[in-house]
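Enquirer: What Swiss-Prot shows for this protein is this:
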DISULFID  Cys111-Cys189  disulfide bond
CARBOHYD  Asn23  N-linked glycosylation site
CARBOHYD  Asn24  N-linked glycosylation site
TOPO_DOM  1-41  topological domain 'Extracellular'
TOPO_DOM  69-77  topological domain 'Cytoplasmic'
TOPO_DOM  99-112  topological domain 'Extracellular'
TOPO_DOM  135-152  topological domain 'Cytoplasmic'
TOPO_DOM  174-196  topological domain 'Extracellular'
TOPO_DOM  225-240  topological domain 'Cytoplasmic'
TOPO_DOM  269-284  topological domain 'Extracellular'
TOPO_DOM  303-351  topological domain 'Cytoplasmic'
TRANSMEM  42-68  transmembrane segment
TRANSMEM  78-98  transmembrane segment
TRANSMEM  113-134  transmembrane segment
TRANSMEM  153-173  transmembrane segment
TRANSMEM  197-224  transmembrane segment
TRANSMEM  241-268  transmembrane segment
TRANSMEM  285-302  transmembrane segment
Amino acid sequence: MDDGHQESALYDGHYEGDFWLFNNSSDNSQENKRFLKFKEVFLPCVYLVVFVFGLLGNSLVLIIYIFYQKLRTLTDVFLLNLPLADLVFVCTLPFWAYAGTYEWVFGTVMCKTLRGMYTMNFYVSMLTLTCITVDRFIVVVQATKAFNRQAKWKIWGQVICLLIWVVSLLVSLPQIIYGHVQDIDKLICQYHSEEISTMVLVIQMTLGFFLPLLTMILCYSGIIKTLLHARNFQKHKSLKIIFLVVAVFLLTQTPFNLAMLIQSTSWEYYTITSFKYAIVVTEAIAYFRACLNPVLYAFVGLKFRKNVWKLMKDIGCLSHLGVSSQWKSSEDSSKTCSASHNVETTSMFQL
């Protein structure tokens with residue numbers, strides 16, 4: 001087996017290469033067999049967990065924004081685009097879970113389509129997170145200008161979201177073009193192209209990690225500086241949520257991207273079993289971003305939580321729980337508190 005084919009057989013991470021990690025049929029050692037067994041059980045389980053919670057959370061966000069919450073601001077536009085991308089992303093996972101347990105039985109067209117959908121929506125999600133960060137910076141740090149231009153910026157938000165989808169589709173084309181089904185002990189849907197593998201890795205690391213990370217550092221630094229000068233009882237809550245957003249991004253995305261970066265420096269890392277485990281586990285951690293986004297970017301908003309209660313009331317959940325009056329009291333209290341918020345803090349939480 002030549003080096004190019006061996007790499008195709010060994011490495012298949014969703015973010016860069018082929019779907020099946022280190023699936024080398026020529027390596028029959030007990031250590032490698034244990035790793036393959038672990039991967040074939042662990043990854044499908046993770047995919048299904050992320051699928052279930054991601055489907056529920058992102059579907060709820062979409063329902064609220066479509067039926068209960070009008071798109072009045074630029075933030076609303078981005079917060080609609082984010083769950084849409086994450087929802088399509090998680091809907092590809094059951095196919096990979098089945099293929100991980102058995103083999104790829106869905107054909108070449110579905111292989112290309114699902115690889116393209118998976119990659120495109122990953123980029124859409126990460127670029128939308130970047131736009132949300134910039135939007136929050138503008139709204140909090142330049143509150144007066146932001147308030148006066150919300151209607152105009154809403155239109156720009158729709159244009160930006162369209163551009164995000166177009167750019168994400170373009171950078172996903174290698175997955176569609178070079179995705180194919182190959183028989184290596186069993187049928188697998190994989191992607192490999194030595195000619196552009198380095199370019200794909202650079203684009204992936206830039207758009208999927210470094211750009212969002214750098215944007216978060218710069219924008220949230222400005223937001224924190226502004227909030228520290230604000231005299232408002234919600235200031236500390238604002239800072240906690242900012243730190244939570246950054247911490248979740250770092251904890252879920254840094255390990256896998258760091259492992260990918262290290263692995264790209266030497267072929268030896270492709271053959272080290274402990275590093276194979278590291279890639280699989282950190283990749284699984286990165287997937288949980290799709291479950292956490294609804295919590296971080298929607299559920300923290302007072303307006304969103306109120307609309308969730310309205311949805312529950314409409315479908316008859318609250319009448320059996322006897323909490324309508326309790327929610328009414330809480331809602332009135334929230335309105336009183338909201339009236340005392342300054343522009344910065346209101347902009348931060350009225351998502």
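Our numbering is plain: 1 for the first residue shown, then up by one each step along the chain.
Note that Cβ sites are derived from N, Cα and C of the backbone, with glycine treated the same way.
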Enquirer: Same-chain Cβ contacts of the topological domain 'Cytoplasmic' (69-77) under 8 Å, 6 or more residues past its ends?
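Expert: Residues packing against the topological domain 'Cytoplasmic' (69-77) from afar: 132, 135-136, 139, 150, 153-154, 156-158, 161, 303-304, 307, 351.
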Enquirer: Counting only residues 6 or more past its boundaries, what in the same chain has a CB within less than 8 Å of a CB in the transmembrane segment (197-224)?
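Expert: Distal contacts: 15-17, 122-123, 126-127, 129-130, 133-134, 136-137, 140-141, 171, 174, 239, 242, 245-246, 249-250, 253-254, 257, 260-261, 264, 348.
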Enquirer: Give the one range among 42-68, 78-98, 113-134, 153-173 whose Cβ atoms make the most pairs under 8 Å with those of the transmembrane segment (285-302).
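Expert: That would be 42-68.
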Enquirer: So what sits near Cys111 (disulfide bond) in its own chain, CB-to-CB under 8 Å and at least six residues off in sequence?
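Expert: Those within reach of Cys111 (disulfide bond), by Cβ under 8 Å and sequence separation of 6 or more, are Trp104, Gly179, His180, Val181, Cys189.
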Enquirer: Would you mind listing the long-range same-chain contacts of the topological domain 'Extracellular' (99-112), meaning Cβ under 8 Å and 6+ residues beyond its ends?
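Expert: Sequence-remote neighbours of the topological domain 'Extracellular' (99-112) are 19, 39-41, 43-44, 47, 175-177, 179-181, 186-189.
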Enquirer: Mind checking which residues reach the transmembrane segment (78-98)? Cβ under 8 Å, same chain, six or more beyond either end.
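Expert: Contacts of the transmembrane segment (78-98) (Cβ under 8 Å, skipping residues fewer than 6 from its ends): 14, 19, 43-45, 47-48, 50-51, 54-55, 57-59, 61-62, 65-66, 71, 105-106, 110, 114, 117-118, 121-122, 124-125, 128-129, 131-132, 135, 157, 161, 164, 287, 290, 293-294, 297-298, 351.
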Enquirer: Tell me the coarse DSSP state (helix, strand, coil) of Cys189 (disulfide bond).
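Expert: The residue in question, Cys189 (disulfide bond), is strand (DSSP, three-state).
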Enquirer: Reported in the order helix, strand, coil, what are the DSSP residue counts of the topological domain 'Extracellular' (99-112)?
Expert: 9 helix, 0 strand, 5 coil
Enquirer: Restricting to the topological domain 'Cytoplasmic' (225-240), report the mean pLDDT as a whole number.
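Expert: Mean pLDDT for the topological domain 'Cytoplasmic' (225-240): 71.
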Enquirer: Reported in the order helix, strand, coil, what are the DSSP residue counts of the topological domain 'Cytoplasmic' (69-77)?
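Expert: Counting residues per DSSP class in the topological domain 'Cytoplasmic' (69-77), I get 4 helix, 0 strand, 5 coil.
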Enquirer: How does the topological domain 'Extracellular' (269-284) divide up by DSSP, counting helix, then strand, then coil residues?
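Expert: Across the topological domain 'Extracellular' (269-284), the residues distribute as 14 helix, 0 strand, 2 coil.
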